[in-house]
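Working notes, structure below.
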Amino acid sequence: MAASLHGIWSASCMFMCVFVFMLLNTTCQAQLSTTYYDTSCPNALNTIRTAIRSSIAADRRMAGSLIRLHFHDCFVQGCDASILLDESPSIQSEKTAFANDNSARGYNVIDNAKSAVERVCPGVVSCADIMAVAARDASAYVGGPSWAVKLGRRDSTTASRSLANTDLPGFGDSLETLIAMFDRKGLNARDMVALSGSHTIGQAQCFTFRDRIYSNSSNIDPGFATTRRRNCPVNSGDANLAPLDLVTPNSFDNNYFRNLMQRRGLLQSDQVLFSGGSTDSIVSEYSRNNSPFREDFASAMIKMGDIDPLTGSAGQIRRICSAPN
């Protein structure tokens, strides 16, 4: 009888241990939710939207910059606002990584949005979530798609310049390299092409496309190359700007893909999407019909926002976005 009771007690104890472990594990792996701030900060999204709209109204180019900022954050350590951290004795800032240095923009816009949210509900909304919402609001403001942003990310206390230098795509990357880099983040080739379509807005610096426009390659339209050379000399003007979409550079549409089909992609990493490779059919589809592009872009942005977020008790809610608490 005693042995039987002991067996029952042992089984019950084991069940409780398993239950507690599962409960703790679920808590640690809390899921993001579109309603995350509905109770804790119901005015958060409207407050962020107001700040983002104001910034883009003052600088139309900022729309593309904010989408890119979220992308560059998520590809390094996950969507944890690590890109916003300044250099310190314990932090090697991602801001000075090759793909970000004197290139990534919008830090001040996120700071302003954070300050506005802090006045409404201090210590509740993460910088990582603000960036995710800002990217959505930037897209919608310039005529692009909108989507329900999943929320509940927390902010990292660390950054990684070395990972930023290896994990962020480069302007000269091949199609195979791009597909592999996105695949490592859980994004397929279609996601990659759709996300590249954010280059329908924004501008690039001369040094990122100089080799392409002076290459005399068969994969660039000669007239387009000549036009771009006027503001991008061979040996100077590294920071001179050119629109990524030469037709409608301030509107979110599918002209970017039409440009690629005419060999008028500004960056080499743009043109490789339509150069006889596996993604040609996707570019062709998006160029003919804007709707699939918009739908796929929104879907890909949601998937990108799911890359390794900090949730539950991991990380922190930074008081200011440029430094840990």
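A Cβ is built for glycine as well, from the same backbone N, Cα and C atoms used for every other residue.
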>> What does TrEMBL give as the disulfide partner of CYS321, choosing from CYS79, CYS121, CYS127?
In response: CYS127
> Considering the candidates CYS28, CYS41, CYS206, which is the cysteine that TrEMBL reports in a disulfide bond with CYS121?
Replying inline: CYS41
> In angstrom units, rounded to an integer, how far apart are the Cα atoms of HIS72 (active site, proton acceptor) and CYS121 (disulfide bond)?
Replying inline: 27
>> For a quick check of packing: other C-beta atoms within 10 Å of the C-beta of CYS321 (disulfide bond), how many?
In response: 22
> Judged by the number of other CB atoms within 10 angstroms, which among CYS74, CYS79, CYS127, CYS206, CYS232 is the least packed of the disulfide-bonded residues?
Replying inline: CYS206
> What other residues of the same chain, not counting THR200, ASP245, THR248, ASP253, have a CB atom within 8 A of the CB centroid of the Ca(2+) 2 site?
Replying inline: ILE201, VAL247, PRO249, SER251, PHE252, ASN254, ASN255, TYR256
> Across the domain 'Plant heme peroxidase family profile' (31-325), what is the average pLDDT of the model, as a whole number?
Replying inline: 97
> Any idea what the Cα distance is from CYS127 (disulfide bond) over to ASP253 (Ca(2+) 2 binding site), rounded to a whole Å?
Replying inline: 28
> Using a 10 Å radius around each Cβ and counting other Cβ atoms from all shown chains, which of the disulfide-bonded residues CYS41, CYS121 yields the largest count?
Replying inline: CYS41
